[in-house]
């Protein structure tokens, strides 16, 4: 709400006011009112008639202010009265708005003693206004009021006050004190401001120091991190260098160890080769061949067996010299077809030799060639796979076998005309006499060895039937066994023995082909049959097993005329001739020597003993390899069912088919070839040993020394 305004008509208001308060002026009142529609105060009228004249100028529709000077007889100075006129017709809102303007108007007009509020002329009473002006100063006109005033004055107590007389010194002290405190207050404010500044500076300095410390710590951490990374990198490089050195060292050690192993293997190989070469050289230089003794025994036995019958030439290209094994015991019953295809081969002392099939070498190279080449000087030994040798032989025996293989394979067969006898042939010539003397000693014991007879070269007939692997693995009986069982004439025995002597003589002296073994011979003065003890006194009867007779060759007989095993078993045995009486019964042979027993029980024996035991097997393996290289594998005919490869036999004794020498066949026809005889089922094996060791004393001493 806006207040009263004096600015619009300020000069007029003050001029009228001055006229009223001034003593020299005749005017004693002035009337003021609001300008239309505003709060600006203005002068309405003025005069000299006092309260009576002033009360006549008030209006009922306005709010007006009257300033009047009243003179009192009892007072020396006039009194000033301010009348607040509010007309009856003034709106209430205007009344409320102007109620607050009274104090400001009284303040504007200084010296107002009494303010009188009036809304009508009756409210403006000169006596009442004078009474109020004279209250406390003049005596009251009423006696009652006078008594009351006196009574109040008597009972009134003195009023206390703090007013004192002004003292200059005290006032100076007070002023100085105030100045001091003001100065102190200012100083305190300055101090506080300085403290705030100092605190702020300290805070800033602390923050800076903290930031600097953090920066230094960060740099220190980074420095430590870099140092740690450098250390780790150096350690990694050192580790890598150590690993590289370790790898180089291991590689060097491996290379050194590999070189050492290679040197050791090479030295071991050289040592083994030197031992084999030395053994082969010693074997080649010995005067007597221990195998020749058994060949002569086989020839004698075959010649004796041939004297009991007169067989025709065999229609098959069968290899002669297959001895009759004394360990075979055939059964008397059982069909041949079922047993030959279903039964398994028996266990033998030489399992590898049993199942290993070799071609017939006798059709291309004679026995004399092999023996003469074997007596020649040895050559370097080529390496062979371990599978080519027998599983029962020792490493030394395998090496000896390789040496003999190299000797026999590297020497070409000599030309047909006999060359002049050399020193070596002259040295080996006395070996026949020594062998004959040894034969005489051995025949004193109750032993008989199956011999071999020369076989004429015949054209190989193609196999009639294709053989199966099972039938190929079946073992057959040697033709010498059939020859011993078949009847023969005594006259043929003498001729066969003479042929054997002539073949031995040519074999040991000239080392050439034996094409004249069966033709260019002279009858011997004395038969080797007489060398056997008792001259037939200890001869035994033929074996109980039936033998298939030898089929005649050519047009005399055909393959269909060969009786089967069952049919042959029903025929009566022929009478034993005079030549057959000289043969011993193989069932009555003594036990074989312990050196040719089951090799599976001799694993723990010494090297020397194993070399002695496996020498025949190693030498025979050489012949088997030569047979495989020089001649295709012919087939034999079984009991009318399928063809069977030559090189299989039912069982092995000391002279198994795989272990025996492959005797060469002559190109000219020989006396006879006994047919093969087969069993209905695999025969039983009688593992026996001979009392006498067939190895010569010189060879035993040499191999025992190794």
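Numbering starts at 1 and runs along the chain as displayed.
Any Cβ shown, glycine's included, is placed from N, Cα and C.
Some features that Swiss-Prot has for this protein:
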MOD_RES   2  N-acetylalanine
DOMAIN    3-134  domain 'ADF-H'
MOD_RES   141  phosphoserine
MOD_RES   142  phosphoserine
COMPBIAS  209-236  compositional bias 'Basic and acidic residues'
REGION    209-497  region 'Disordered'
MOD_RES   241  phosphoserine
COMPBIAS  288-298  compositional bias 'Basic and acidic residues'
COMPBIAS  331-345  compositional bias 'Low complexity'
MOD_RES   344  phosphoserine
COMPBIAS  357-366  compositional bias 'Polar residues'
MOD_RES   379  phosphothreonine
COMPBIAS  382-396  compositional bias 'Polar residues'
MOD_RES   383  phosphothreonine
MOD_RES   385  phosphoserine
MOD_RES   387  phosphoserine
MOD_RES   394  phosphothreonine
COMPBIAS  411-422  compositional bias 'Pro residues'
COMPBIAS  453-497  compositional bias 'Low complexity'
MOD_RES   468  phosphoserine
REGION    633-677  region 'Disordered'
COMPBIAS  639-651  compositional bias 'Polar residues'
MOD_RES   658  phosphoserine
Within the compositional bias 'Basic and acidic residues' (209-236), residues counted as helix, strand or coil by DSSP: 28 helix, 0 strand, 0 coil
Summary of DSSP states over the compositional bias 'Basic and acidic residues' (288-298), given as helix, strand and coil counts: 9 helix, 0 strand, 2 coil
The domain 'ADF-H' (3-134), counted residue by residue under DSSP: helix, strand, coil: 45 helix, 36 strand, 51 coil
Confidence summary (mean pLDDT) of the domain 'ADF-H' (3-134): 87
